[in-house]
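Colleague: One structure coming up, written as structure tokens, with questions to follow.
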Amino acid sequence: MTKNRPLFFSLAGCAAVCLILRVVLKLTAVDPATGFYEGGGALPLVFNILLGVSVLLLLAAGYLSGRRMRGASVTFTIPLRALSIAAGATLFCWTLLRLKELPEVFSADYPLMPKLLLCLFTLLFRLALPWISAFLFFRVAGAGPFTIPCEFRAFTAEPDPRLPQNGFDLEGGLHTLRMNGWLMLLPLVWEIGELLSSFMAYTALRNVSDQMLTIVMLILMAPFLLAHARILSGVGAEKGVRQLLFFGPAFALFAIAVPGGMIAAALAGKTVALGLSPAAAVFYFLSGLYAAALCLSLRRSGR
């Protein structure tokens with residue numbers, strides 16, 4: 001078990017309760033045509049209050065953990081690698097499923113310059129950046145035979161066989177692997193594009209809608225990806241640890257509860273027309289699990 005027990009129990013408890021409530025609401029009180037609550041009595045209010053309180057609790061727990069975390073290291077265990085590979089594979093499949101949208105974009109009746117900009121934006125944010133992000137999930141997990149141009153700074157000292165063979169030591173210890181910092185920012189650029197396009201697509205927002213919860217989840221994902229890039233590249237790693245512990249659990253909570261309810265609704269045949277597709281929901285759900293596992297894998301040096 002992780003040695004950061006307060007954060008572990010806070011995150012596990014909040015995520016489990018919010019996920020159960022969200023699944024119940026999606027199956028009983030959400031209109032599949034709009035994603036808005038159309039019933040459920042006081043349960044939607046209870047869910048929103050509980051979700052808000054849980055976020056505040058996790059932010060406080062993450063802040064306190066970040067203050068105690070000086071000289072941290074993270075080891076990519078087998079479960080963490082498996083989640084990274086699963087998230088990358090799901091993102092790759094989601095991108096393939098979105099290829100059917102390209103002919104509609106290319107055949108749109110727009111003036112030449114706006115059409116060129118739209119096509120460029122679509123190719124970049126719907127094809128190139130998602131695939132690069134998917135490959136990075138594989139590469140971070142140490143999965144081959146991918147040869148993404150990453151910069152790995154290995155120390156010349158002989159590795160200790162007792163030490164983890166795929167660890168990211170934030171203090172520059174023995175057998176350290178570091179990703180290229182600029183390359184690790186590409187998932188953040190792609191996610192910001194997803195956030196902007198989703199916000200523009202969701203024109204009818206309500207405080208309790210699927211769409212609003214998705215927007216909040218994407219907003220929380222941005223600082224998580226920035227912290228993720230800082231830690232794995234070693235650029236501002238200490239600040240990245242504090243940022244990860246502060247925003248990571250809150251993002252994990254949203255990414256587990258909100259897409260988890262969407263997955264349950266999809267399995268029950270109640271997919272919302274305006275919102276995340278089932279493939280996207282699975283990707284964000286796995287990303288939430290990955291974020292939670294990454295936060296809980298942090299260790300202080302010497303422990």
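Note: Cβ is positioned from N, Cα and C throughout, glycine not excepted.
Heads up, TrEMBL stuff is auto-annotated, nobody curated it.
Not my notes, these are from TrEMBL:
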TRANSMEM  7-25  transmembrane segment
TRANSMEM  45-66  transmembrane segment
TRANSMEM  78-97  transmembrane segment
TRANSMEM  117-138  transmembrane segment
TRANSMEM  182-205  transmembrane segment
TRANSMEM  211-232  transmembrane segment
TRANSMEM  244-267  transmembrane segment
TRANSMEM  279-298  transmembrane segment
Colleague: So, taking each listed stretch (7-25, 45-66, 117-138, 211-232) in turn and counting its Cβ pairs to the transmembrane segment (78-97) that are under 8 angstroms, which one gives the highest count?
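Modeller: Between the stretches 7-25, 45-66, 117-138, 211-232, 117-138 has the largest tally.
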Colleague: If you count every Cβ pair below 8 Å, which range out of 7-25, 244-267, 279-298 shares the most with the transmembrane segment (211-232)?
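Modeller: Stretch with maximum Cβ contacts: 244-267.
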